[in-house]
Amino acid sequence: MKIVVDENIPLADALFGDLGEIIRKPGREISSADVAEADALLVRSVTRVNADLLTGSKVKFVGTCTIGTDHLDKEFLAEAGIRFASAPGCNAQGVVQYDLAALAHLGYLARDIRVGIIGCGNVGGSLHRALTGMGVTCVCYDPFLTQDQNADLADWDALFTCDVICVHTPLTRSGPYPTHHMLSTPFFRAMRDGALLLNAGRGEVIDNRALKAYLQGDNSNHLSVVLDVWEGEPAIDAELAPLVKIATPHIAGYSFEGKTNGSLMIYEALAEFLGVNATERSARVAAVKAQAYGAAEPLDADDLVTAILATHPITRDDKALRDQLDQLPAGFDALRKGYPVRREFSHYQLTSAQIPANVTALGFSLDSAK
């Protein structure tokens, strides 16, 4: 069989090589001609998978190595009898690491703060657990959850009591709670004075034009902003980026583990679709995982902020995007393609006796001999 694979999907040979012939393509450039004779298509969020791409092709399986699925026309896939799979939660810990690195760099973790989280699914829920494990008070807004599922659920207006609001919703344009442009000028105005708005979910959830106008209107003292996701990627608004505190090229979930987990989850789905037995699938996943992840790395840090920023030097990513603002849209994609290896908290064993035990809530391990 032929498997067309986004060239940025890691471990493609190790995982999919025995299942068929691998044909690598740049994700944004995958065309109907590329997939005409393919049996399976493996993508990331940059590839629009719809009738225009797949009509007339032999594709019977589509896998996206991402949490989000708004780039897939799921209705078309179902009608066409094409199986599809995603990787929910694959990079949740990488996004949590990004959020905490932003808060650490901007000084919020050194203060007594109240954090609002919009959307408490895989990513938002992981962030909620990490923050509460650190003793941070959280306010969660998610109309699809109940109080039994999340004790910190609150109504929309409770968000405006928060010092920080983190956005982790999917992108939806219909249904009872559409998220497209959910946050615009009235929301910005209602936020607490000096608050931080952080979006590492989907760019279109925030009206970027309205945000730019608000920040250009001398409201930067009222509102600080961190953006990892943008409307119109990769052709983002180069005039908005200089107005925010941290600007990065959609790499929050680009941890090594996050990308690897996505590949592993889609391998499981494709192999099952092809009839590979569970024992063989599990053995392949275990072998690839052990080789890819390796042993824990010691990290000497005397406090939590230092530890977090040692694992994710977020100012590096911010500078990289600012340096490419005159090279958009190509520069945006180049940064994502060439993103350096970033390991999650779980890869590190903290060796300092000064570090608080609650860092294990983030996934760090502690040196038992300390």
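The backbone N, Cα and C atoms fix where each Cβ goes, glycine too.
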Going by the NAD(+) site in Swiss-Prot, where Asp142, Thr169, Gly253 are listed, which of the candidates Asp112, Asp193, Asp228 is also part of it?
Asp228
Of the candidates Thr55, Thr66, Thr248, which does Swiss-Prot annotate as part of the substrate site that also includes Ser45, Tyr254?
Thr66
Glu233 (active site) - helix vs strand vs coil (DSSP):
coil
Residues near Ser45 (substrate binding site) by Cβ (under 8 Å) yet at least 6 apart in sequence within the same chain, in sequence order, are Thr64, Thr66, Gly68, Asp70, His71
State the Cα to Cα distance, in Å, between Tyr254 (substrate binding site) and Thr169 (NAD(+) binding site), rounded to an integer.
18
Are there any residues in the same chain, six or more apart in sequence, whose C-beta is under 8 angstroms from the C-beta of His250 (active site, proton donor), and if so which?
Gly203, Asp228, Val229, Trp230, Glu233, Phe332, Arg336
